[in-house]
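Undergrad: What follows is a single structure, and I will ask about it in a moment.
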């Protein structure tokens, strides 16, 4: 029920009401005995002189003990008493005195409205309304003040709704609103350079309004709100979402009961400690965590867990009293006032709003004083005590006087901006189970003051507003690059030495017979492959982005051309060995080095076509691949996001598929040729065996290197190491296989090339006479001109043999037709022929001789007469030309003639020799007859 004013009249009974003056003494004594302290001025305040007219002020606040917020009203009454007493002592309103009439609203809308209307109807004409604690009651009354031309001043209503001046134009408050903390929070965020925050709000209108206003303030200052979460009962889901969005600075708006749940959830999610900062309301009850930890325990959150999660949170609230040692409008410092207040309340619980109530009384007094001055200066001669609820002019004068308020009170500088108090906001921090003031924000001056060495963070520095992502380029290790570069340089020096060796000894038979031009191509390809290693190791840590993009193309071209040059040369040499020795019908075919160069050139042409199309249609570009974040190895509060540079394009898979398909087919065919010629052995003359081994080496290592480098594309050091080692290994092994045997042979036995020119080739397919070795000719492919000369000479000798066969046949027929001369021919003629044509050293029984005999018989079928012919069946051995004696005689004539006819072309008897009977060794032009040439003759 409403508390009757000290000099007013109680609620009248049904008409006719009794005069108020008859009940006044009784009501005063009754109310003072039942509710001591309900009126601050009634307890020890000096009585105004009887002739002083009162200036009535309506006081609306909860006073009863049954209401929780009644303690606020009872707690501020001692401060109100002090203010009224000091105002009267200073005669600030002389000849008037301030008359505050209190009405209990009980924090109930109906009872508050009834008390307001009773004061309007039955009380005196109140100049102003002082009070308003409960938001719902205050908002209802404040909305109707304009109709009564009354200005209301609240000392405890902090709800942001009342800041709407369109709806509440006559409402003021000395206490900052809940929204007043938002500029202070903004200043704190800027001070610690926190540019990214998240909000966690309880689904209550009061908190939602603060959150909405804070959102506008932060957006205006370009501070990112990365996540906005709200909850009704269970905050754990919202807390988990905040963590998932990497929110480090959390701005909370919830009551103290929900605060315990929030911090328990934060403990479960590990959202506390040096990486996180919680900023929550600071108006909770003292030691609020002690009151709610029992409920927290019921949710499986122990007290120590709650305190651990709370450690370091920052509370934001208005400052109850100014901390400055400055005299206020009353002539006393805030500290002196506080001591007087504590001594005066005498058992009444303190209220944190008492300073705002004290300053509020002074605001009312200064407003009325200014209004009286305005009336006195006007020509209307109106008195302030003549105010009534329909006096719009005086109401506007009081409203304007309120807006002009500016003085220093116990709560700081008292200034209104659009009816809102520009007060002081304090910051407290929870440290070691207690709240410590660490700073304050002055809204008038817009300054933030952090008390030295009071604010503490659990880390060495304030938490970061987000996980600091350090984008780190994964680069090639400099020591690794240096080591592999050194190996590459050694390989290039070795290749240069081989090139020098190959060029210097190009006229040596050993080098000539292994195609020195093709060997030069192998060296060139190896050196290009070596050079590509330097380019593959250059990344963003060594070169610029533009240069890296250029290197993408250059290194691809160099490696491709180098591979094709080296492998193509080996492939061509392997193909020539296969073409010569796999098909005996091709033994008369000449495969020159020029043809091999054409093969290599064709391969390079295909490469160039692919590379040019690739570059023109879809060139390689520098791309940066970002990987998932990794913790800092040094333990810092940062996360590392690895970056890796790649050379890619839009259709990378297609182009690589084309290149791999072409190279793969070439490699498979090369391995096939190497396998087919695996049993070809050409000691000291040919390097086909080593070329085949090189083909195997390159094929296997390229497959392994391509696969492993693809799997390790996210590890540049491993990938570069594998690619470089594969290139070094393939190039080095290939060059060593091709040149080291030649180098050793040339150093140890320079004549090895001319000592053994025979080789055996075993066919894979079984023939009727399996395990039979066929002697074939080793053709010096490097000496094309010499080979052509030998072929011409061979043709000439064959024609000469044909003529000799005809002559011999005629002689034989003559012998058969003249038997009477047989004895003479047998005894004299054959002896003469033997003396003339026989050679003393032509009796060696070698395989080459047998081959000559066999081939000669095969190529002269006319010598094999039909022994069954009737005319040739004479029993006389002399008359039978097919008898062994005749055959022996014929061979004794043919072979010496054949031998001497061929000798000049192969370095035998000089054509100018006087007699063929002279030994070939006697000729100054005599040379050792190579076995290969003897075999060649046998195939005529």
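Placed from the backbone N, Cα and C atoms, the Cβ positions cover glycine too.
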Undergrad: Labelled N-linked glycosylation site in Swiss-Prot - which residue from 89, 841, 866 would that be?
TA: 89
Undergrad: Per the topological domains given in Swiss-Prot, are residue 509 and residue 713 together on one face of the membrane?
TA: no
Undergrad: Have a look at 159, 818 and find the one that Swiss-Prot tags as phosphothreonine.
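TA: Among 159, 818, the one Swiss-Prot marks as phosphothreonine is 818.
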Undergrad: Which residue, chosen from 52, 883, is annotated phosphoserine in Swiss-Prot?
TA: 883
Undergrad: According to Swiss-Prot, which residue among 154, 639, 912 is annotated as phosphoserine?
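TA: The candidate carrying the phosphoserine note in Swiss-Prot is 912.
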Undergrad: Looking at the ranges 734-761, 762-789, which is given as region 'Disordered' in Swiss-Prot?
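TA: Within the set 734-761, 762-789, Swiss-Prot attaches region 'Disordered' to 762-789.
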Undergrad: Which range, 597-617, 618-638, 891-911, does Swiss-Prot list as transmembrane segment?
TA: 597-617
Undergrad: From the Cα of residue 388 (N-linked glycosylation site) across to the Cα of residue 89 (N-linked glycosylation site), what is the distance in angstrom?
TA: 28
Undergrad: Given a 10 Å Cβ-Cβ cut-off, pick out the one of the glycosylation sites 89, 388, 403, 452 that has the most other Cβ atoms nearby.
TA: 403
Undergrad: For residue 452 (N-linked glycosylation site) and residue 403 (N-linked glycosylation site), what Cα-Cα distance in Å is obtained after rounding to a whole number?
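TA: Residue 452 (N-linked glycosylation site) and residue 403 (N-linked glycosylation site) have their Cα atoms 36 Å apart.
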Undergrad: Out of 522-542, 654-674, 720-740, what stretch is closest in contact terms to the transmembrane segment (597-617), meaning most Cβ pairs under 8 angstroms?
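TA: Counting Cβ pairs under 8 Å, the winner is 654-674.
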Undergrad: Hey, how far is residue 403 (N-linked glycosylation site) from residue 388 (N-linked glycosylation site), Cα to Cα, in Å?
TA: 21
Undergrad: Against which stretches of its own chain does the transmembrane segment (551-571) lie, if we need a Cβ under 8 Å and a gap of at least six residues from its ends?
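TA: That would be 518-519, 521-522, 524-529, 531-532, 535-536, 538, 543, 596, 599-600, 603-604, 607, 611, 615, 619-622, 647, 659, 663, 666-667, 669-670, 673, 691, 694-695, 698, 702, 727, 731, 734.
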Undergrad: Sort out the residues at least 6 away from either end of the topological domain 'Extracellular' (712-719), same chain, that have Cβ-Cβ distances under 8 Å to it, and list them.
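TA: Beyond its ends, the topological domain 'Extracellular' (712-719) has Cβ neighbours at 474-477, 480, 539, 625, 627, 642, 644, 646.
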Undergrad: With DSSP assignments reduced to helix, strand and coil, which class does residue 388 (N-linked glycosylation site) get?
TA: coil
